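For reference, Swiss-Prot has these:
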BINDING   Q40, L41, R42, E43, K44, N72, S110, K140  4-amino-2-methyl-5-(diphosphooxymethyl)pyrimidine binding site
BINDING   D73, D92  Mg(2+) binding site
Amino acid sequence: MQDMRLQGLYGISESGWYKRPHEAIELLLEAIEGGMKIFQLREKEGSDEEILPLARALWNHCRQKGVLFILNDRLDLALSLGVDGVHLGIDDAEASRARILLPHGIIGISCYGDLDRAHKAKEEGASYVAFGSCFPSPTKPASSVIDLTLFKKAQEELAIPLCAIGGIEAQNVGELIHCDMIAVISSLWSGGVAQVRKNAKGLIQSWRENRERV
């Protein structure tokens, strides 16, 4: 059975938030007010000890607001905090190991443009899979851009929530009609605290309008 919470705007933090925790909390709260339903703390630098204070604070805010909180990669930290789940990439722990450690948690797996990897992830217990980069991405400029028809095929074959990621902005999000979540970084946080709520609402509105036409 699909987790019905896995839908909507999925915000992913920019790198280095743990170095500016007060701003990070403000950004998170503004995104939530704008309609963000899922948040992922993604910190590829810094130790678990350095990230722990911010992770705990953001998790508490998400819990109070009814927003899902996902940690990127850091499975041990996710277990110690008791957050909603983890997101794993190609170099992270396998979904099967994560499912053993998080029997009731959300496990997301990056599948890039690989449908076979998505099938394997589902078999190993993934809650959702992510495909991308959907468009050229300023966060990962070297990433290959996938064929968006992959989403329709995955929707037909997988029967688990699908997340689109990579280069998504208000001007192109309308092309993503066969996914459950849109994961964004740059287009959500650009402009800082004063702009985030507007960014979130704009992304959601553009996506919703185009999906309703289909």
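Every residue, even glycine, has its Cβ placed from backbone N, Cα and C.
Owing to the predicted nature of the structure, the values given are computational and were not obtained by experimental measurement.
Locations of recorded Swiss-Prot features on the structure.
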{"residue": "Q40", "record": "4-amino-2-methyl-5-(diphosphooxymethyl)pyrimidine binding site", "DSSP (3 states)": "strand"}
{"residue": "N72", "record": "4-amino-2-methyl-5-(diphosphooxymethyl)pyrimidine binding site", "DSSP (3 states)": "strand"}
{"residue": "D92", "record": "Mg(2+) binding site", "DSSP (3 states)": "coil"}
{"residue": "S110", "record": "4-amino-2-methyl-5-(diphosphooxymethyl)pyrimidine binding site", "DSSP (3 states)": "strand"}
{"residue": "K140", "record": "4-amino-2-methyl-5-(diphosphooxymethyl)pyrimidine binding site", "DSSP (3 states)": "coil"}
Taking the binding-site residues one at a time (E43, D92), which has its Cβ surrounded by the most other Cβ atoms within 10 Å?
-> E43
Greatest CA-CA distance (Å) over the residues Q40, L41, R42, E43, K44, N72, S110, K140 that the record ties to 4-amino-2-methyl-5-(diphosphooxymethyl)pyrimidine?
-> 17
To the nearest whole angstrom, what is the C-alpha distance linking K44 (4-amino-2-methyl-5-(diphosphooxymethyl)pyrimidine binding site) and D92 (Mg(2+) binding site)?
-> 11
CA pair D92 (Mg(2+) binding site) / Q40 (4-amino-2-methyl-5-(diphosphooxymethyl)pyrimidine binding site), Å rounded to integer, equals 15
Reported as an integer number of Å, what is the Cα distance between L41 (4-amino-2-methyl-5-(diphosphooxymethyl)pyrimidine binding site) and D73 (Mg(2+) binding site)?
-> 9
Which residues, sitting 6 or more apart from S110 (4-amino-2-methyl-5-(diphosphooxymethyl)pyrimidine binding site) on the same chain, put a CB under 8 Å from its CB?
-> H87, L88, G89, I90, V129, A130, G132, I165
For K140 (4-amino-2-methyl-5-(diphosphooxymethyl)pyrimidine binding site) and D73 (Mg(2+) binding site), what Cα-Cα distance in Å is obtained after rounding to a whole number?
-> 17
